[in-house]
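Here's the structure, in C-alpha cells; my notes come after.
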Amino acid sequence: MTTRRKVLVAAGDGIGTEVTAAAVEVLRAVSQRFGLGLELEPALVGGASIAAHGTALTDAVLDRARAADAILFGAVGDPRYDGPDAPDRPERAILALRKQLGLFANLRPVRVDEASAGRSPLRESIVAGTDLLVVRELTGGIYFGQPRGREGERAFDTMVYTAPEIERIAHVAFGLAMRRRKRLTSVDKANVLDTSRLWREVVTRVAANYPEVELEHLLVDACAMDMLRRPTRFDVLVTGNMFGDILTDEASMLPGSMGLMPSASLAPPRPDGTHPGLYEPIHGSAPDIAGQGIANPVATIASAAMLLRSSLGQPEAAAAVEAAIAATLAEGVATVDILGPSQGVSTQTVTEAIVARINPG
Ligand code: NAI
Ligand code: MG
C-alpha cells in the first residue's frame, strides 16, 4: 500500500485561518518527528474563495479534495457574504464538500477527564468522567432535503431520510460502540416525526447484528436535558444531521468550550481500504473574535490528530499530538475562552507550547 500523506488544508475564513495555521504548525512538527513526509497543500474555500473567485467552492478545489488522502478544514462563515446580494454563501463550501465527497459519518468525541472538569461552566461532579461519542448523520436530513425554498413570507425545508441512509450510519455507530463500552443511544423525535419513526425502526433492525451492544432510544429533547444532567451515562450516540449539530454544540459545554471540540467526517472506505475523510473543529468562523489572535486552536489540532489516526494510518503520531494537547492544558496554558481574559494566552502561545512538546528542541 502506498503511504498516505497528501493533506488538503482548507482554512476558510474568520478564525478558520488562525486555527488552521496552528494545526499546520503541529502537523509539520509531527511529520518531522515521525518522518511522515506530509504534503500539506493549501486551498481556498468559503469567504476566502468568494473573495478570489466569486464562489465558495471551485471545481478545482473539489477535485483536489477528491484526490487528497485527507482534508483539514478550518471554518467558513464570513458575514460579509451573508446578504441577498452576496455572490455566494461561505457555508456552501462545507455543505458541498460533505455531500460531494459522501462524508456521511460525522464523529464528534467529547471527553472530560478529572483534571479538566473544573473548566466547565457546569458543576465538576456532573461532567467529570464524561467520555461520549456523537455519531451524526451528515449528508441527509433537513439540511439537504428537497424541496426547500421561500415564497415571500412563507418558507419551507424538507426532512427526508431513507432506510439505507439510516442503516449505514447505524452500522458505523454500532461498530464504534463495539470498540468502546458497548452502549448505543439512538436519538430521534419519534413521537412527532415520521422520519424519526423510520429511524427508530431501522436502528432496531440493525441492532440484531450487534447483540453485545445495549441499545436505547431517546427523544432528542430528553437527550438535550440528560446531556447536562448526567452526561457520564452516555457512550455512543447516533442521530440525524440537525439533532447532532445542536446536541454537540450543547455538549461542548461539558469540556467547557467549542474551541476544544474536534470532529471527523468519514466517507465509506475506498476499494483499496483507505478511509478518506475531512477533519474540522465543530465551531464556526467566530467573526466576533476573528483577527484578534485569541481563538482556541485545540479543536483544530485535535481534529488533525484524528486525521493522522483515521485517514493516514498514523496512530502513534496521533497519540503524540493528543498527549501534547493534554499536557499543555494540564499545565494551565490555554486561550481566553477557557481561562478568561486575565489568564488566557494567545493562539500562538498555545500552539508553540503544543509544538514544543511534540518536537522538543
Ligand atoms: P461559532 O462557532 O463561530 O461561534 C460561537 C461562539 O463560540 C462565538 O462567541 C465564538 O467566539 C466562540 N468560539 C467558537 N470557536 C471558538 C474558538 N476556537 N476559540 C474561542 N472561541 C470560540 O458560531 P456562530 O457565531 O454561530 O457562527 C459564525 C459563522 O460560522 C456563521 O456564519 C456560521 O454559519 C458559520 N459556521 C460554520 C461552520 C463550519 O465551517 N463548519 C460551523 C458552524 C458555524
Ligand atoms: Mg454546529
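Any Cβ shown, glycine's included, is placed from N, Cα and C.
The substrate binding site annotation in TrEMBL covers R98, R108, R136, D221. The Mg(2+) binding site feature in TrEMBL is assigned to D221, D245, D249. Taken from TrEMBL, the feature NAD(+) binding site applies to G284, S285, A286, P287, D288, I289, A290, G291, Q292, G293, I294, A295, N296. Per TrEMBL, the feature domain 'Isopropylmalate dehydrogenase-like' maps to 6-354. According to TrEMBL, the feature site 'Important for catalysis' maps to Y143, K189.
The binding-site residues near ligand 2, defined by a Cβ under 6 Å from one of its atoms, are D249, chosen from D221, D249, A286, D288, Q292. Taking K189 (site 'Important for catalysis') as the reference point, the binding-site residues whose C-alpha atoms are within 10 Å of its C-alpha, out of R108, D221, A290, N296, are D221.
A Cβ distance below 6 Å to any atom of ligand 1 is met, among the binding-site residues D221, G284, A286, N296, by G284, A286, N296. Near G284 (NAD(+) binding site), with the C-alpha within 10 Å of its C-alpha, lie none of the recorded positions R98, R108, Y143, D245. Nearest to D245 (Mg(2+) binding site) in space, judged by Cα atoms and limited to the binding-site residues R108, A286, A290, is R108. Mean pLDDT for the domain 'Isopropylmalate dehydrogenase-like' (6-354) in this predicted model: 96. Comparing Y143 (site 'Important for catalysis') with A290 (NAD(+) binding site), their Cα atoms are 26 Å apart once rounded. Rounded to a whole number, the distance between the Cα atoms of D249 (Mg(2+) binding site) and D288 (NAD(+) binding site) is 17 Å. Across the fold, the C-alpha of D249 (Mg(2+) binding site) and the C-alpha of R108 (substrate binding site) stand 10 Å from each other. In the three-state DSSP reading, R108 (substrate binding site) counts as strand.
Comparing R136 (substrate binding site) with A286 (NAD(+) binding site), their Cα atoms are 22 Å apart once rounded.
Listed in sequence order, there are no same-chain residues at least 6 apart in sequence whose CB falls under 8 Å from the CB of Q292 (NAD(+) binding site). Put plainly, the binding-site residues D249, D288 were compared by Cβ crowding within 10 Å, and the winner is D249. A290 (NAD(+) binding site) is 24 Å away from R98 (substrate binding site) when you measure Cα to Cα.
Nearest Cα neighbour of R108 (substrate binding site) among the listed binding-site residues (A286, A290, I294, N296): N296.
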